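The structure appears right after this line, and notes come after that.
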């Protein structure tokens with residue numbers, strides 16, 4: 001029930017806030033800058049939660065189970081209070097843009113929801129956005145389990161690794177606001193984020209407990225890749241909307257709905273393949289997920305033509321797509337190598353096992 005109520009509130013806030021980006025300006029470069037600013041303050045919000053937790057943990061001692069519950073209760077109270085304050089500031093200080101009026105003084109007619117399903121660009125942008133959110137959200141959900149269970153790092157890594165990702169994403173998001181965006185620039189930066197994520201997935205796939213410190217370096221590049229993909233991925237929604245402002249809420253809402261459904265299904269599949277116990281080991285381990293989800297991004301470039309609001313149109317199939325294809329081949333080869341070693345060691349352990357134990361077990 002709590003999760004359902006939370007997601008209703010999240011949807012109302014997310015859809016209206018992201019739709020407002022399209023309504024504030026019709027300039028494509030300004031829309032990218034607004035999306036970048038929004039992503040930067042999202043990172044600030046994530047980091048502020050760490051600051052609140054640090055203050056609460058330093059003030060309230062968590063010696064008993066009740067004290068720990070009290071700590072997290074106060075973290076929730078303070079987070080809700082700070083959020084309500086900023087919601088009030090947003091509603092009081094932000095001027096709501098008026099509907100654009102046509103040449104003859106008539107307000108643009110509303111766009112039917114089925115209009116978007118007739119546009120091929122809608123499905124292309126949906127594929128890019130949903131796969132981007134899938135990689136970012138699911139990898140973030142399993143990040144703490146990965147650094148503790150797989151890499152066996154210290155408990156502090158559960159906070160340090162995500163914090164590094166948020167800080168790097170914040171810095172990159174700020175830097176992206178200063179770029180004069182064109183269609184090719186947008187595609188190039190998204191491709192750069194994809195390539196970074198692919199190689200981060202390759203490194204994570206091959207990480208061992210003896211090289212766990214490398215995860216701190218990888219987290220820096222993950223933060224950079226997250227910002228590059230998230231800012232440009234959200235901006236593609238604005239290019240799809242264009243000047244059809246009366247339909248922007250449906251576009252944002254439908255893509256966010258697909259995002260939640262895909263992430264939920266991915267988490268369900270991963271959780272349903274876990275073995276019972278205190279240290280569950282899923283059939284598809286965290287390393288496999290980190291490596292394979294980055295490969296999925298390469299499939300999102302199937303022939304989209306994003307040109308609205310830019311001086312020139314551009315096709316997807318150029319040098320950056322070739323780079324993505326080469327990266328995909330590399331990660332597949334690394335995955336096969338990793339799986340080959342796993343199969344070899346499994347066969348060797350089975351063949352070298354004591355036959356008396358095998359017969360007694362039978």
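Each Cβ is built from the backbone N, Cα and C atoms, and glycine gets one as well.
Under the heading transmembrane segment, TrEMBL lists 40-60 (among others).
Residues or ranges marked as transmembrane segment by TrEMBL: 72-93 (among others).
Residues or ranges marked as transmembrane segment by TrEMBL: 120-147 (among others).
With a threshold of 8 Å between CB atoms, the same-chain residues lying at least 6 positions outside the transmembrane segment (159-176) that come near it are 32-33, 36-37, 39-40, 43-44, 46-47, 50, 140, 143-144, 147, 189, 215-216, 219-224, 226-228, 230-231. Annotation comment: TrEMBL describes 159-176 (among others) as transmembrane segment.
TrEMBL lists 188-207 (among others) with the feature transmembrane segment.
Remote same-chain partners of the transmembrane segment (213-236), defined as residues 6 or more beyond its termini with a Cβ less than 8 Å from a stretch Cβ, comprise 18, 28, 31-32, 35-36, 38-39, 125, 128-129, 132-133, 135-136, 139, 147, 151, 153, 157, 160-162, 164-170, 172-173, 176, 181, 186-187, 189-190, 192-194, 196-197, 199-200, 203-204, 207, 297, 306. The feature transmembrane segment is assigned by TrEMBL to 213-236 (among others).
Per TrEMBL, the feature transmembrane segment maps to 320-338 (among others).
Only pairs six or more apart in sequence are counted, and the transmembrane segment (72-93) with the transmembrane segment (40-60) gives three or more Cβ pairs under 8 Å, enough to call it a contact.
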